[in-house]
Amino acid sequence: MGPPEKESKAILKARGLEEEQKSERKMTSPENDSKSIQKDQGPEQEQTSESTMGPPEKESKAILKARGLEEEQKSERKMTSPENDSKSIQKDQGPEQEQTSESTMGPPEKDSKAILKARGLEEEQKSESTMSPSENVSRAILKDSGSEEVEQASERKMTSPENDSKSIQKDQGPEQEQTSETLQSKEEDEVTEADKDNGGDLQDYKAHVIAKFDTSVDLHYDSPEMKLLSDAFKPYQKTFQPHTIILHGRPGVGKSALARSIVLGWAQGKLFQKMSFVIFFSVREIKWTEKSSLAQLIAKECPDSWDLVTKIMSQPERLLFVIDGLDDMDSVLQHDDMTLSRDWKDEQPIYILMYSLLRKALLPQSFLIITTRNTGLEKLKSMVVSPLYILVEGLSASRRSQLVLENISNESDRIQVFHSLIENHQLFDQCQAPSVCSLVCEALQLQKKLGKRCTLPCQTLTGLYATLVFHQLTLKRPSQSALSQEEQITLVGLCMMAAEGVWTMRSVFYDDDLKNYSLKESEILALFHMNILLQVGHNSEQCYVFSHLSLQDFFAALYYVLEGLEEWNQHFCFIENQRSIMEVKRTDDTRLLGMKRFLFGLMNKDILKTLEVLFEYPVIPTVEQKLQHWVSLIAQQVNGTSPMDTLDAFYCLFESQDEEFVGGALKRFQEVWLLINQKMDLKVSSYCLKHCQNLKAIRVDIRDLLSVDNTLELCPVVTVQETQCKPLLMEWWGNFCSVLGSLRNLKELDLGDSILSQRAMKILCLELRNQSCRIQKLTFKSAEVVSGLKHLWKLLFSNQNLKYLNLGNTPMKDDDMKLACEALKHPKCSVETLRLDSCELTIIGYEMISTLLISTTRLKCLSLAKNRVGVKSMISLGNALSSSMCLLQKLILDNCGLTPASCHLLVSALFSNQNLTHLCLSNNSLGTEGVQQLCQFLRNPECALQRLILNHCNIVDDAYGFLAMRLANNTKLTHLSLTMNPVGDGAMKLLCEALKEPTCYLQELELVDCQLTQNCCEDLACMITTTKHLKSLDLGNNALGDKGVITLCEGLKQSSSSLRRLGLGACKLTSNCCEALSLAISCNPHLNSLNLVKNDFSTSGMLKLCSAFQCPVSNLGIIGLWKQEYYARVRRQLEEVEFVKPHVVIDGDWYASDEDDRNWWKN
């Protein structure tokens, strides 16, 4: 059941520009476009799978590209017909894949990836009256020529474009190019005698298929996508042959229409002629819980011909199943007890038959074409064998814009609607489905008609749907705005059915479902002026679907609002079988994303007032506080919250367009991390951040977005001058920066890893120069901001609140350093901390820094980590450090390539320095000689050094003796870190003896990964009971073992132990030491921080520790443990500890807690 290691994914895409042939009233008539498309084989590529309203995972997919131009005809009456978009599809198939045997029960270990690329040059013939330039197409979209059955029923204003004439060249290496006629004749020649033997039965079946689908499908079978689909099952380089094609995409983009076209194409002799039989199953038309054999299912599709069924089963290698809407069966395909059927005569629940076909247990030699929504794609991966994935996308960007704008005559209104449309990329993406595009068009027209009377928000899909649905209800009775009792029953029943469908992953409903919710089709039709619920299916029993899945999500969300009506609860049984609304908060459940956002959108006060009018009762949704609480949980779990969770919450709040509701949800936010990928992310974040009035720190990761402005791509749709189509991206960025500068409690802004153009940096710095900006700490670590540094230097002396600047990993040329130092020396510059880690500093750069150190009295901390400091550079720095005018207190020279010679120069300079209190020399090979020179400095009575970091400095042998001597008689040094040095048990004994001296004032000792064993633990236990000053001891990643910790606990149990922080992470501990450790915790009132991560504790051992954590004597506040590493019983006990002692924090990231400026040299 596990997913394959590699999956073959082909994404058929075609994006076209469309022109509209208008009637004489519009006075336009474009010519037909001719296009040529080349298809060649290319390397494997990765494609991100689309998901509904949610971020996608990156998947390795083969990308099928084609570009085409589309034209549209409009009759004078604007009569509508199904849209026939010309599509071009490319199929990529990658080599070096192994084919799974046809009888294999599971997915192959390696799925081949096929890559067929099509690239076309496009030319647009413009009519004299249409002066817009052609769209710059940057990616490909597969556009279905037809729309799904739902779209055909709901699409009242979709126009039917003409088919473009296209010529396609296929380059397949040594293979010869063939025309469609040659390909077709070749396939016909390959039809075997067995096909001819089927005689009249086969012809009758094909006639039945044609009669069934010919009225609902209109497609040209020589179109590019059909030619490419006809080759989809062909072996690639004789190494891999797909047996399953998966057509996936957003709801409503035309997957079902494409599936029906495939079946019809076979019946008409245009497609898949090597297949003797093609059987079509519509999942929405099948009651999959009923029992049947596969033969009986096929017989329903082949009326009055059981002999034909037998013939079909005799040739499974020439049998193609087309299964439409497999995701409608998701709820039953996920059962753990799924069995497999291998006999086509055995009666099983129909979902078992479908599952067995997917797994190739049933008719393993047959072929499958499956349609599914993007949200169902991940679950499908573990079921299919030898798959080829094809992405189906809907209307192109230009087509969507044209459909929305075609009924807006006023030019200023067109521009306003156009801008609001492209601002909201999620709303615009939803319009890829023709049915949604039609609903949006109707909503916009209704809003225009209502004018000032329309108070509902129009920036969101919730606002548009609310406008459309609620006014469809109220417009029926101008004199009576409220719903009658019967109408209320109908509306609430519809909402309940929609919610039940969302939770159970059902989008198809039957007569029994309508009865369960007191619904009648006639009453639904009478309640709305629009087709909310549509009849679909060709069988005797009708089934129903919402005109689009997003409408089902809307009504499902409305259910949770209506359940708060106490008056209404007397008439209807709410929540009988429904899930709690708090389950909607799970962002990883893609089926809930749409309903969740609509639910937030319905919290808008104007929408709630409209509902009050409809029901004649105050609407005070009980769900409002629950939603605000869910958002506040993100604020409380900063370390465990991903930036995508925060952004998802922001989008939900933005959907409401209600400032009071948003402010209540965000009042607890103090830290935020945002990942900005889309333009709309900026607008949504700006809207929400201005309500985070208690925000203190924000991290923003924004890449690529501000380097290219794609807004103008859609401008040709609007018939205005190009200069009027002003790019809005920088305006949105300016608004975002303005919000950051206006938050009165915001102190830290981290733009690390971001990519900001010169213009973006200019806008940012101008906003941060505002007097209202209170930001003190500004970080650009690893950000690409070099082109805009000149704007940053002006900010340094324009904002006197700025105290900290981090430019780590920013290449600093000498000219940059000159401007930076001039700004830092400015009288109005208040910067106290400057980090220039990995800035590629030169000797000239060091000279300018040295001059800076004696020219400013404000700079207190300087980091030059990961810059090479040679002898000449050290001489310059030494001259500055020895000057009485240098007031620097903290110096970080981590990984600067220091040698004993350069260390000698540094120490000589420090002898004259009475201000330096913090020094970090980590990751420099100082050796014994360098440490000896440092100890001479520590011996100096005027040495003010308090914190010394010597991690990974290759300190060996006698060096520890020198350190021990200096520690024993130094009353100023309080913190020493020797992490990742080979201290060993012998040197540890020397250090312990020094720490026991009353003249040693060391408070913190870091000894992580120092090759210590259990043999030093007796010395450590004795030391911690003797010293009165040591408060923190980190022994992590040392093999102390159970015996060592048991010995150490003897010291912890003593009342004389004043240790407050102890690190025992990754010390090879087991449950054998838990008894002693629990006892030490229970009787030690001083210990408040303990790290136990990466040890091997059993459940019994952890339960002992949990009992000790709850002991009243224990004052532990920070416990380093990963809860998810343990069984449910242990997790519950750890949660009980946090409940009993609310101040206790149990988290595996123990080092994140930076008490007492412990990580000063890292920050």
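Any Cβ shown, glycine's included, is placed from N, Cα and C.
Annotation source Swiss-Prot lists compositional bias 'Basic and acidic residues' at 1-42 (among others).
Summarising the annotation, Swiss-Prot assigns region 'Disordered' to 1-201.
Residues or ranges marked as compositional bias 'Basic and acidic residues' in Swiss-Prot: 56-94 (among others).
Taken from Swiss-Prot, the feature compositional bias 'Basic and acidic residues' applies to 108-127 (among others).
Taken from Swiss-Prot, the feature compositional bias 'Polar residues' covers 128-137.
Annotation comment: Swiss-Prot describes 153-173 (among others) as compositional bias 'Basic and acidic residues'.
For 243-565, the entry in Swiss-Prot reads domain 'NACHT', with the evidence type sequence analysis.
Taken from Swiss-Prot, the feature ATP binding site covers GLY249, ARG250, PRO251, GLY252, VAL253, GLY254, LYS255, SER256. The local packing around LYS255 (ATP binding site), expressed as other Cβ atoms within 10 Å of its Cβ over all shown chains, amounts to 26. Under the DSSP three-state reduction, LYS255 (ATP binding site) is assigned to helix.
Per Swiss-Prot, the feature repeat 'LRR 1' maps to 801-822. Confidence over the repeat 'LRR 1' (801-822), given as mean pLDDT on the 0 to 100 scale, stands at 96.
Look at Swiss-Prot and you will find 830-851 tagged as repeat 'LRR 2'. For the repeat 'LRR 2' (830-851), the residues of the chain that approach it from at least six positions outside its boundaries are 781, 796, 800-812, 814, 817-818, 821, 824, 858-867, 869-870, 872-873, 876-877, 879-880, 890, 892, 894, judged by C-beta separation under 8 angstroms.
Secondary structure of the repeat 'LRR 3' (858-878) per DSSP, as helix, strand and coil residue counts: 8 helix, 3 strand, 10 coil. The repeat 'LRR 3' annotation in Swiss-Prot covers 858-878.
Residues of the repeat 'LRR 4' (887-906) grouped by DSSP class, helix first, strand second and coil last, total 7 helix, 3 strand, 10 coil. Annotation source Swiss-Prot lists repeat 'LRR 4' at 887-906.
Sorting each residue of the repeat 'LRR 5' (915-935) by its DSSP state yields 9 helix, 3 strand, 9 coil. Annotated repeat 'LRR 5' per Swiss-Prot: 915-935, in sequence order.
For 944-964, the entry in Swiss-Prot reads repeat 'LRR 6'. In terms of DSSP secondary structure, the repeat 'LRR 6' (944-964) contains 6 helix, 3 strand, 12 coil.
Sequence-remote contacts of a segment are chain residues at least 6 beyond its ends whose Cβ falls under 8 Å from one of its Cβ atoms, and for the repeat 'LRR 7' (972-993) they are 922, 938, 943-956, 960-961, 963-964, 966, 1001-1013, 1015-1016, 1019-1020, 1022-1023, 1034, 1158. Swiss-Prot lists 972-993 with the feature repeat 'LRR 7'.
If you look up Swiss-Prot, you'll see 1001-1022 marked as repeat 'LRR 8'. If one looks beyond the repeat 'LRR 8' (1001-1022) by at least 6 residues along the same chain, the residues whose Cβ comes under 8 Å of a Cβ in the stretch are 951, 967, 970-985, 988-989, 991-993, 995, 1029-1041, 1043-1045, 1047-1052, 1061, 1063, 1156, 1158.
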Helix, strand and coil residues within the repeat 'LRR 10' (1058-1079) as assigned by DSSP: 9 helix, 4 strand, 9 coil
Intrachain residues whose Cβ lies under 8 Å of the repeat 'LRR 1' (801-822), provided they are six or more past its termini: 752, 768, 773-783, 785-786, 789-790, 793, 795, 830-842, 844-845, 848-849, 851-852, 863, 865
Where ARG250 (ATP binding site) falls in three-state DSSP terms: coil
Long-range neighbours of the repeat 'LRR 11' (1086-1107), counting only residues six or more past its ends (CB under 8 A): 1032, 1034, 1036, 1052, 1057-1072, 1074-1075, 1077-1078, 1114-1122, 1126-1127, 1129-1130, 1133-1134, 1136-1137, 1148, 1150, 1153, 1155
Within the repeat 'LRR 2' (830-851), residues counted as helix, strand or coil by DSSP: 9 helix, 3 strand, 10 coil
Sequence-remote partners of the repeat 'LRR 4' (887-906) [C-beta within less than 8 Å, at least six residues beyond its ends]: 833, 835, 837, 853, 857, 859-871, 874-875, 877-878, 881, 915-927, 929-930, 933-934, 949, 1160-1161
Surrounding CB atoms that lie within 10 Å of the CB of PRO251 (ATP binding site), all protein chains: 26
Chain residues outside the repeat 'LRR 3' (858-878) and at least six past its termini with a C-beta under 8 angstroms from it: 808, 824, 829-841, 843, 846-847, 849-850, 852, 887-898, 901-902, 905-906, 908-909, 918, 920, 1161
Binding-site residues compared (GLY249, GLY252, GLY254) - highest count of Cβ atoms within 10 Å: GLY254
Within-chain partners of the repeat 'LRR 10' (1058-1079) [C-beta distance under 8 Å, separation at least 6 from its ends]: 1004, 1008, 1024, 1027-1046, 1049-1050, 1052, 1086-1098, 1100-1102, 1104-1105, 1107-1108, 1120, 1150, 1155
Sparsest Cβ surroundings (other CB atoms within 10 Å) among the binding-site residues VAL253, SER256: SER256
